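Peer 1: I'd like to ask you about the structure that follows.
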Amino acid sequence: MATELLCLHRPISLTHKLFRNPLPKVIQATPLTLKLRCSVSTENVSFTETETEARRSANYEPNSWDYDYLLSSDTDESIEVYKDKAKKLEAEVRREINNEKAEFLTLLELIDNVQRLGLGYRFESDIRGALDRFVSSGGFDAVTKTSLHGTALSFRLLRQHGFEVSQEAFSGFKDQNGNFLENLKEDIKAILSLYEASFLALEGENILDEAKVFAISHLKELSEEKIGKELAEQVNHALELPLHRRTQRLEAVWSIEAYRKKEDANQVLLELAILDYNMIQSVYQRDLRETSRWWRRVGLATKLHFARDRLIESFYWAVGVAFEPQYSDCRNSVAKMFSFVTIIDDIYDVYGTLDELELFTDAVERWDVNAINDLPDYMKLCFLALYNTINEIAYDNLKDKGENILPYLTKAWADLCNAFLQEAKWLYNKSTPTFDDYFGNAWKSSSGPLQLVFAYFAVVQNIKKEEIENLQKYHDTISRPSHIFRLCNDLASASAEIARGETANSVSCYMRTKGISEELATESVMNLIDETWKKMNKEKLGGSLFAKPFVETAINLARQSHCTYHNGDAHTSPDELTRKRVLSVITEPILPFER
């Protein structure tokens, strides 16, 4: 019997309406003589500028999205009808999670499927309760004596939810020489579970480091002819990026399509996952329309032609940072800030002169609207748009929560612009910083700290003085995901930047500081990413100074960094894969299935 239609809104073709012409290839930065004529009117300023002078250009790819179509589309308002259906399905799944008679491994696999399918946020307290019962009843000790799969799965789930479990759980699967037993490689499911568990390691956990090497070496030896198409897809998916570092929505859509192929799939769980995915997608569409209207109203993309117009990519990034449906304010805030960051980064990196950049930095530090009188005309529009947007965000927070957050927002922007300015000085002076000097500035110029400051005030309901103090200091909760953001970004762009002779990049600075090859420097940067993840894992286990929703948001920023920069710079140069991902998360619903 066919199930009810779970598609809440019409699917949008990959090549129809939403896209403009295909994107051209990236062209290397070249100097040009630009005659710029801008005529801009806002409520507070109007100007006309004509200037002819040498300016650099990065020849960025143009925006490939049709904003008019986005603004004209309308989400199916019948979403309310589906909420009742979702509640009934949710109740059935909740009963399964809370079934105290369920076998340990059955329970663990159910929890794993719930989370992979994007439903974890619906069952947080139920999952925590089930894991509490699992531990208190001796479940962890029991599964470690029976199978590697059960041991690895329970280890990963427990660490993910803040339980302290020892890596020694894997000692029973090693021989007398301390090596993992060779016969384990015959159990592909167990090796996959071991691989995923190894990414929850802390600093100094050598057993898990060895487990990762062991699992990767055996998984890479497998072929589709040997293990079958379905299992090969799972292996390739895992090797591309481990589950712990994947963004939630992309993993959900992949897992739903993989799960529906299973003969023993839980149909109630699958139906809820599809319904939930499409319902949340309709929320994203509403959010995107709101943000798109703001972007059109601001008008920077049409006036500053030298800069990247990346609103859709910025919104997609924001979904990765805060995917839960209740965090619309966070998504809109982060998307707006990343759109500004992208354009202002191009001003500092490409277009502005050093004198102009110092003026702009001073204007942001002063946060005085009269500072626009000291700026060149193209900067006036940008500063005033930034000034009005941030003041509006601060006003809304004061109105809704009674907190004046403007000083914290403006400080974050001043810090970012100063970091941008330092990079511009290195470029203009043609100097190569040491790796430590570069990275001490670069993790801030990634914009990670700024985005997380804005995210904090959007997701945290009860703002605490201690949290504010640590927010301003860019506590480890903020700095470490920003480190990963910068390192992932630099890995994606290093080869191209080195070829152009640019010096300020993690890889190039590491090469010069250590006197090593690009290959070795790249490997070292990847190791830094792994070590940073171990520190973040430790903080999550040990408890954070910040509220849990913000901690998860910060970790998600690191995950989105992997997603965006894993196969190149998908923010600067979005390719076909990036566009497909954006569509799958934001516009294309998952079609219903047949029972």
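Note: Cβ is positioned from N, Cα and C throughout, glycine not excepted.
Keep in mind that this is a model prediction, so the values were computed, not measured.
Pasting the feature list from Swiss-Prot:
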| type | residues | note |
| --- | --- | --- |
| TRANSIT | 1-37 | transit peptide |
| BINDING | Asp345, Asp349 | Mg(2+) 1 binding site |
| BINDING | Asp345, Asp349 | Mg(2+) 2 binding site |
| BINDING | Asp345, Glu423, Arg486, Asn489 | dimethylallyl diphosphate binding site |
| MOTIF | 345-349 | motif 'DDXXD motif' |
| BINDING | Asn489, Ser493, Glu497 | Mg(2+) 3 binding site |
Peer 1: Where among the binding-site residues Asn489, Ser493 do you find the Cβ with the fewest other Cβ atoms within 10 Å?
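Peer 2: Among the binding-site residues Asn489, Ser493, the sparsest Cβ neighbourhood within 10 Å belongs to Ser493.
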Peer 1: Quick check for you: of the binding-site residues Glu423, Arg486, Asn489, Ser493, Glu497, which have their Cα within 10 Å of the Cα of Asp349 (Mg(2+) 1 binding site)?
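Peer 2: So far as Cα distances go, the binding-site residues lying within 10 Å of Asp349 (Mg(2+) 1 binding site) are Glu423.
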Peer 1: Summarise the model confidence on the motif 'DDXXD motif' (345-349) as a single mean pLDDT, whole number.
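Peer 2: PLDDT averaged over the stretch: 95.
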Peer 1: I'd like the number of other C-beta atoms within 10 A of the C-beta of Glu497 (Mg(2+) 3 binding site), please.
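Peer 2: If we count other Cβ atoms within 10 Å of Glu497 (Mg(2+) 3 binding site), we arrive at 17.
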Peer 1: Across the record's dimethylallyl diphosphate-binding residues Asp345, Glu423, Arg486, Asn489, the largest CA-CA distance in angstrom?
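Peer 2: So the maximum pairwise Cα distance among the dimethylallyl diphosphate binders is 15 Å.
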Peer 1: With the dimethylallyl diphosphate site defined by Asp345, Glu423, Arg486, Asn489, which remaining residues of that chain have Cβ atoms positioned within 8 Å of the Cβ centroid?
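Peer 2: Sorted by sequence, the hits are Ala442, Ser445, Ser446, Ser447, Asp490.
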Peer 1: Given the binding-site residues Asp345, Ser493, Glu497, state which is nearest to Arg486 (dimethylallyl diphosphate binding site) when distance is taken between Cα atoms.
Peer 2: Ser493
Peer 1: At the Cα level, what's the spacing in Å between Glu423 (dimethylallyl diphosphate binding site) and Asp345 (Mg(2+) 1 binding site), rounded?
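Peer 2: Answer for this pair: 10 Å between alpha carbons.
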